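Colleague: Okay, handing you the structure first.
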Ligand SMILES: Nc1ncnc2c1ncn2[C@@H]1O[C@H](COP(=O)(O)OP(=O)(O)OP(=O)(O)O)[C@@H](O)[C@H]1O
Ligand SMILES: [Mg+2]
């Protein structure tokens, strides 16, 4: 019934030294649904997100966003779509240190343009309220906890009502409890706005919350088991620490 | 509007970088404004001085009239020449071979011009005190105007009684200092109205020569000589006319022009240094800010937003630097102007606001050039890298 927000068909991507980093990725995510992508470190998960996020136009295969072919788009059109249709959440929040929470949330609005300062502020306040961060609007990121920063980042990702949310290890820098609240917040907001959510994660708890679980191995996506696999998929602590 | 806001935010946070850029830029703009205003001051001073001392461009001095007879004749010749020069000026100047001024027992050999008040039509003397010749004479003593050098040499005061003497004759002229002028001359001089000194001059006629100073645009020596000879033969008289070009302002202007070009080169080098500094500061900023730039792209910034923001930043810095530079050069200016104008007693020209305004524009241009390199660089930021940051 629901039309897919994204459809990948046979997407391939080569990078120097890894000619088949992504070799045949097919994926379809519907409005209001979520999918978890798991995989070893270096398997190409982030690379796949950058393809999905139109950050990297250099790939093979077909990509449809909201039913429209976007794999041959000009960089100008990509910029526009990225601003309006896609929201990013990063492992390490990626807030601008020199801006207040409110100003951080306003960044996508500023680049999008076309509304008054008042309207933008109003909207950003509402977005902060929706992630329970209305009280911290004037605070700089360094005065916020990790969980609070990620809430602000989620408000920023959702500010333009995007159809697609891409989250790269959104709980990777948070403790388990905070991670859980962030995931439920993300799922709640996504459901409310009717967006599609793609989450890359190493945590089975997080993956289990999503509608679907896929595993990226040898350049292709395959259905993943809900059963936590042992040590094989566990990142060495040093890597987890570095957030690579 | 939004981009301006973004530029302001990043300027505020990177205040050290901003400060460095402002210092670099304002120094180079101060350099340019200083050099330009120095050149302007020199030109004004030199030109003004040449005008005062030697008259406007195309000033010719006609000599050949000697003695008492020559003095009498000069009236007629002036009348003959006046229509020829149209709106130009003709002034009679009589001189004695040597003359002295005696004041309170001290005497000084001085170059006295017995002339007409309209001499200043061609020589824009500055009256430093008292008045110029002409006007009503209400004393028995003859009014004399001296130049600054003569006033200093004999310590003359306005209203002071002096005596004019020709070196050989006994006749003297009782006179009164009525004015002190800056005439741009290098030596001591005095001016007396011809009408007031007629008897005195005739009494010393052996030493007396009378010249006509003729000034009119485009006046040529040969033409005037031909005209004078024509008039002489018409009137059936023989005069050995000597016509000599005396104005110097044109030549001096050319010399100053050369100096000015040299100054300009110095100024441009300063600007280049400023532009390089701004570019360098901006470039290191791009490297430091590359993750900010790619993150902005991920959040919907168009490709051109980043260079636009960087150019805006550099322009904001330039405006501040320009204001700083103008304040600094304005503070420096009086000292600078003094340096060039004061030795000749010429008032400094006013602060060159046009140059200052140009300074701001030049600063903006420099910042634009310097900001362009980082701006172009910022467009190349690989945006996918944000996913691996
Ligand atoms: N532009 C590029 N140039 C060279 N190598 C690249 C490029 N992009 C990705 N890679 C390489 O491709 C591999 C996959 O990178 P990617 O970041 O997608 O992995 P990942 O699955 O997200 O790993 P992690 O779980 O550690 O985040 C890595 O070895 C990386 O070095
Ligand atoms: Mg990754």
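The backbone N, Cα and C atoms fix where each Cβ goes, glycine too.
TrEMBL lists these features:
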type	residues	note
TRANSMEM	B:262-283	transmembrane segment
DOMAIN	B:265-382	domain 'ABC3 transporter permease C-terminal'
TRANSMEM	B:304-333	transmembrane segment
TRANSMEM	B:353-376	transmembrane segment
Colleague: Restricting to the domain 'ABC3 transporter permease C-terminal' (B:265-382), report the mean pLDDT as a whole number.
Modeller: 81
Colleague: Report, as numbers and ranges, which residues of the same chain sit near the transmembrane segment (B:353-376): CB under 8 Å and 6 or more residues beyond its ends.
Modeller: 21, 25-26, 28-29, 32-33, 36-37, 40, 271, 274-283, 285-286, 306-308, 310-311, 313-315, 317-319, 321-323, 325-326, 329-330
Colleague: Taking residues 6+ outside the transmembrane segment (B:304-333), which of them lie with a CB under 8 Å of any CB in it?
Modeller: 3-4, 6-8, 10-11, 18, 21-23, 25-27, 29-30, 33-34, 37, 278, 282, 286, 293, 296-297, 351, 356, 359-360, 363-364, 366-368, 370-372, 374-376, 378-379, 381
Colleague: Tally of helix, strand and coil residues over the domain 'ABC3 transporter permease C-terminal' (B:265-382) according to DSSP?
Modeller: 101 helix, 0 strand, 17 coil
